[in-house]
Each structure stands twice: as structure tokens, then as C-alpha cells.
Amino acid sequence: MADPAECSIKVMCRFRPLNEAEILRGDKFIPKFKGEETVVIGQGKPYVFDRVLPPNTTQEQVYNACAKQIVKDVLEGYNGTIFAYGQTSSGKTHTMEGKLHDPQLMGIIPRIAHDIFDHIYSMDENLEFHIKVSYFEIYLDKIRDLLDVSKTNLAVHEDKNRVPYVKGCTERFVSSPEEVMDVIDEGKANRHVAVTNMNEHSSRSHSIFLINIKQENVETEKKLSGKLYLVDLAGSEKVSKTGAEGAVLDEAKNINKSLSALGNVISALAEGTKTHVPYRDSKMTRILQDSLGGNCRTTIVICCSPSVFNEAETKSTLMFGQRAKTIKNTVSVNLELTAEEWKKKYEKEKEKNKALKSVIQHLEVELNRWRNGEAVPEDEQISAKDQKNLEPCDNTPIIDNITPVVDGISAEKEKYDEEITSLYRQLDDKDDEINQQSQLAEKLKQQMLDQDELLASTRRDYEKIQEELTRLQIENEAAKDEVKEVLQALEELAVNYDQKSQEVEDKTRANEQLTDELAQKTTTLTTTQRELSQLQELSNHQKKRATEILNLLLKDLGEIGGIIGTNDVKTLADVNGVIEEEFTMARLYISKMKSEVKSLVNRSKQLESAQTDSNRKMNASERELAACQLLISQHEAKIKSLTDYMQNMEQKRRQLEESQDSLSEELAKLRAQEKMHEVSFQDKEKEHLTRLQDAEEVKKALEQQMESHREAHQKQLSRLRDEIEEKQRIIDEIRDLNQKLQLEQERLSSDYNKLKIEDQEREVKLEKLLLLNDKREQAREDLKGLEETVSRELQTLHNLRKLFVQDLTTRVKKSVELDSDDGGGSAAQKQKISFLENNLEQLTKVHKQLVRDNADLRCELPKLEKRLRATAERVKALESALKEAKENAMRDRKRYQQEVDRIKEAVRAKNMARRAHSAQIAKPIRPGHYPASSPTAVHAVRGGGGSSNSTHYQK
């Protein structure tokens, strides 16, 4: 290391512009700038700094004033530090980072990343550089690696030169500005930020970006190294202004605590009278120990708010900057000497040691003469000038009484240093142990988060299943109502059918009675026909004329009135008209009977088709019920698997509790060992009470720190226990819900059995309806035979009518000659006619009754058809709903499978990322040569670029 030189900490003061909230609030702009180094707040005293940057200063101007020179110093072998200090929302992160990829608004860190490589490319080609970067944050007084989030509580150790460093922090080798920016982007994405009343993106941690540059001259083998700390501090907060609460309030407490420790270190260094500087009060001051009063060129950028609302905080920040400006650092070049240089330095120190020994010998001689009472003349006394000119003497060394005392003090000092070193070593071991425990706790926490995610997904699946079950229950109830309506309609139809069948049987019996009566009448008519045949034999000469009259009567019955001319004939004609009307009514009755029989046949066909559709729909309903039962069994299997999974989780929880108990036992053992060390240390303290006061203070600080770590560990364990109890409560709730689902499933099974029984009853009723349908077919055949019989009888009646008309015509013409015979014949004919009229009247009444019944049936038929159509539509709707439910179930099953695959992939990727910490390849950089385009290897090119060799370094 080169000879040290003193330098002061540079302090730059930057004021940001008023933000929108301050402008809307009407805050006053209070700073007044006097030159480039002085600022006055209100009517107060002036504050002088190395540079004052007003609000209109650009990011490039800030960089040129604050950081450009430090980059050159680091490349020359010095250590450098730049950190921003100020209250929250004062612009620290904007100053240090800005917008990372905006050429105009990027801050100090991205500009340094580009400027370092620009300087390297312009330097001597014989220089070879190795650059590695680290990025970590101090969150809740714990060091957290931003490039590997699994490292959450790293320890601070000291190297052989007593320089603090973060042990276990991830280091990335870089060879271009783009790689540095990638590292910054990766780390910034993992940094803690939050929203407060004063800042939408408030940093909740102190971030430190470390650039370690090693350079070697390949010709002279001269090696230089430099470190550059780029620190973005979290701002001090006043809770009444930020409105912090909950976790944000805890973060604010830790931020203010660490900033208070930084202020104490600055104050101790500024006063210069204190023998102890409290670097170990916080991890941030411990890391920045070299930057504050050590071997480092340090620049502090104090960021201030110009608003009168923050006047008190601004003045406090300015006072901090003035105190820091008085601190002196001792800087030297970090030079690694070669073997030849070490040899020269050794010879030089050896000669210097010889000269000092000779001076000591002369001084001891002079001291002995004084002690023996001899007065040493002034010319024989050794002055400061003579000490430099004295040569080493070869006389026999004089035994001095002071030498043993000096040796004893040196031995005690060495012993004291060894004890302090052992205490520091123990502290480092404790830090390592705490780091391991923290990583274990973080892994457990990550496992808990994974389990929470799985539990949440399980809960979502359960809710979906519950919704599906509810929907199926609603559809089941609706289907029950539909089935009840259909059954009711079928029952009504069956009752109506029974009534109509009974009526048809009654009408059939009436028709049989009428048939018997007609048979009797036929016999009577036969006798009458024989009599008429006898009369016909008597009137053959009138046969031709009677035939013509009969043809005329068949064409038009109205012509009978034109043939008959007398009053008697007119009366007979009226009687004949009545008979003709009754025959016509009989024909109409028969035709209506035909139409009714046809309508009954059509209706029977419709009922058969409706019955077929009902059977088909019932089969579809059975298939739907079977599918629903299959879905319920699948859900039962899924619930059973979830229950097994919850039992596995319970076993894991017990294992975690056992591991926790074992850790508690180990902690108790460590405490016992600590007490034993305390007892031994107290024994030593009695012997060296006056000399070990500083060691006692260090021990107290160590105990306090261990107590704080112990309390934090206990809190974390209690929090994990609470989380485990909460998970157990959730598992109990899921178990209860599972039991409810089982009860619901049993209820659905009972409903299904009831539906099955009802379905069987409906099948029995359908069989009865089929039997009734067969009876109806038989009745239809009987009606058909009856129709043929009636038609034959009507034909017979028609023939009788013809004969009767002929007889009447004959009797009208022979009325004068056969008066007495006609009187008797007329009485007999009148009796026959009245008998026929009575029969026709009865037939007419029967016909009218059948017409009314037919009309009633036709009125009832549209209602039944409408109800049947509604039932068919509902069955179609149920079929479509069932189809849609099946499709939704398939989609949900696919979505669930995709979600499970995604979670598995995420866990697998996370595990791969945790295992992916393999060795890295260092990337040497040569000035004058830009980085190669290949991402796999970087070529170190010698001067002139004629040859290249791929150089790799293992981390």
C-alpha cells in the first residue's frame, strides 16, 4: 500500500424543485443561494459546502460535480464512496438512480457504470481489469442480498487488514455497461418500497451497490485494486407527516435508528476527541467504516426539500452535512507489491530498525548515567539531530531495569489483542449462526407461503365444487318439479282417458241396444215389405211412374211438393218431408261418427308418439343421473385426497415443531456456554480490571446484540407457531366442510333413490296406459263394425222409404176407389211412421250427445298438447343444461389441471434457481478493446490486437 495522505469528505448539497403536493398546498420556496458553495434557509445563518446544487441542476451536472473525479480515483487504486442523505421524499433515489435507461434523467449509479468503461477503454492497453459487482440492501437492520433473495441475513466480517466486508454476498463479474445495468435492474426489482403520504415510491431500506475493480499491468505485473460504494440511504421519517402504520411504521423505526447511528458516528468523528467511534451500533455504519474516517475518498450528497413545510428537517440535514465536512479520511493507493518490491521494502525497514536500535542504546547509556547521579553535559546529550546521525554501536548492550516492564506491557497488550480478536471471532461465528438460522427461517417461511398458495388453490377448487353442487341441487329441484308436473299431467290425461273410455263403453252398450231394436224393426219392416210386395203386385201399372218419382225424390226432396196437388197429398208430403229430414239427420250422425272415430285414431297415434318421447326422455334423465352420480364419486375421491394431503401437512407441522424444539435446546446450550465464557471472562477481569474496560464495553455491546438477535429469533418462532395454529384452524374448517359435503352427498343419494322409485312407478303407470290404449284400439274396431252395421241399416231404411213413397203415390191416386181400405192402411202406416219417428228421435239425441262429448274432447286436446310441448321444451332445456354442466365441469377440470401444472413448474423453477449458484467466470477487460459480441467467452486482447486468448477465471 502506498504512503497515506489526508483528505476531507466532500459534501454536496442538492435542492429539489417543489412537487405537485407542495405547489397545491401553497408552500413557500425558502432556500436562498449565494454563489456555488453557500445557501441560506429563511433568515438563518449561511451553510457552506463544497458545492450547492439548485433545483434547476441537471442530472449530468450533478454527476460531473459529485462523482466524475471519484471514478478516476477508483481506477487509480483508491477506494471511493458516494452516498445520498436526507429526509424522505427529498430526491435521494432520483439522485443516485434516476430513470435507469433514460439518457437525460439517469442518476449517478448508471452514469458511473458507463463512465468506468469509457475510462478503461481510453487507458493503457497493457492493463487488464477484473470488475465484479454486488448489490444488497439493509432492511430492518438485516443485510439482504438483492441478487439472491434467499440470503436474507448476511453477516459483516473483517479481512486480514481489518476492513469490513459482507460475507456470502453474491458477486457478479461484468465486462460491459449493459451487464452492469442488467444487475442493477435485477436488484432494484427485489428492493423494498412502499407508499407514504410524502412519497409514492418510498425506499424502505438502505441499498449499497459495490463495484470492485482490480487491474494488473501485464508487463510490469503491478496490481491495483479499488472499491466503489454507491449508497442510496432510506430517508428519515416523521410519522406525523408520512402517516406510517403497521409494517411501514416498523420499517420507519429501523430506518430512523440506523440513521441515528450514522449521525452518532459522524458526530464522534467530527469532534475528534472521543476515543471510541460507535461503528458497530448498526450494520450500515459497520460496512461504511472505511468510508467514514478510513481509507476512502468519500462524497456525501445531502438532498433537501425547498418547502417551508419541511424547514426543520432541511436544517437538520444541512447541520449533518456541515459536521460531515469536518471529517478527515486517510487515503492510500491499494497496491499489491511484487516480490522484488517487498524485498526492497524489507531492506529499507531493516536499515531503519538498525538506526533506531543504535539510538535506543545511546539513550539507555545516557539514562543510566543520569540514574547513577552523574550529570551528563549538554554536548554529550543526544539531541534529535544527533539521533539521525548516530551509527549503530557494537558495544555490549546495557541491562536496563525498564526493559522487563516494557516487555510485560507488550505481552499484556498482545494478550489483550488476542482476546479482542477471539471475541470478534466469536461474534462473527454468532453472526454466521444467526445467518444460518435466518436462512432456515426464510426457507420455512417460503415453504409456508407455498403451502398457503396450495391451500388457497384448494380452497378455490372447493368453492367451485360447492358452487357446482349448489347449481346441481337447484337443477335437481327444478327437475323434480318438472317431473312432478309431467306426472300430474300424465295422471290427469290417464283420468280423462279412463272417463272417455267409460263413456265409449256406455255408448257402445247403447249402440248394441239400438242394434237390437233395429233388428226388431227390421223384422217388422220385413213383414211390412211383404205386405207392400202384395200391394206392388196390385199396382204394376204404376211402377214406372213410381220409379221416376223415387228418382226425383233422391235428387231433390223438394220436388215432392210439386207432384202432390190436393190438401191430403200436401199433408202426406209434409209427413214425407219429416221422414226425409230424419234420414238426413241419421246420415249426418253417421258421418260425424266417422270423423270422431278418425279424430280418436289420430289422437291415439299422438299419445303413442308422446309416450315414446317420454320414454326416451326418461332414459336421458337416467343417463344424466348416472353422470351426476359419477361426478359426485369423483368429488368424493378428490375430497379424500385433500384429506390425505391435510394429514401430511399435519405431520410436516409436527416435524417443524420438533425441529423448533431442537433448535431451542441448542440455543439453551449456547446460552450456557455463553455464561461459562462470562464467568471465565470475569475472572480475567479481576486481574486486569483497569486494562480491560474497553473489552467489557465490547462484551456488553455483544450481549446486547445477542439479546436483540435472540428476541428477534423468539418473535419469529412465535410468529411461525401462530401461523401453524392458523393453518391448523383452516384445516379443521376444511374438515368440517368435508363432512358437510359427505352429508350433502348422502342426501343426494337418497333423493336419487326416491327419483328412481318414482321412475319405476311411472313405468307401471305407463304400462297401465298401454293396456288402456289397447282397449281403446279394440273399441275403435268395435266402432268400425258398428258403423258398417248402421250404414247397412240406413240403406235398408232408405229402400223402405222408396217403397213407402211408391205406396203413398198409389194410395193417393186410388184414394176414392179404396176409401175403406185406405183408412185401415193409413192407420197402420201412421203407427209404423210414429214408431220410426221415435227411433230416429232417440238416435238424434244420442248423436247430439256424442257431438257434445267430441267438442269437449277437442277443447281439452289443445291444453294437453300445450302441456306436452312445454314438457318437451323443458326436457330439451334440461338436456342442454346438463350438456353445458358437463362442458363446464370439463373446463374446470382442465383449468384445475393447468393450475396444478403451473404451480409445479413454478416450484420446480424456484428450486432450480436456488440450485443454480454455480461458479462464475471472471471477464477480464483490456483498455482500447470493446467487449466481444459472444456471450460465452471474453477475449483479453494484447496491444495492437494481433492475438487474442480467451481467459476465464473461476470465482
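Any Cβ shown, glycine's included, is placed from N, Cα and C.
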The annotated region 'Disordered' range in Swiss-Prot, which must be one of 16-62, 580-626, 909-955: 909-955
Range among 87-121, 262-296, 332-366 that Swiss-Prot annotates as coiled coil: 332-366
Ser90 (ATP binding site): tally of other CB atoms within 10 A of its CB: 27
Residue counts (helix, strand, coil, in that order) that DSSP gives for the region 'Microtubule-binding' (174-315): 58 helix, 37 strand, 47 coil
Listed binding-site residues (Lys92, His94), ranked by Cβ neighbours within 10 Å, top entry: Lys92
Greatest C-beta neighbour count within 10 angstroms, which of the binding-site residues Gln87, Ser89: Ser89
Whole-number Å value of the largest CA-CA distance among Gln87, Ser89, Ser90, Gly91, Lys92, Thr93, His94, Lys99, listed as ATP-binding: 20
Sparsest Cβ surroundings (other CB atoms within 10 Å) among the binding-site residues Gly91, Thr93, Lys99: Lys99
Where Lys99 (ATP binding site) sits in the secondary structure, as DSSP reduces it to three classes: coil
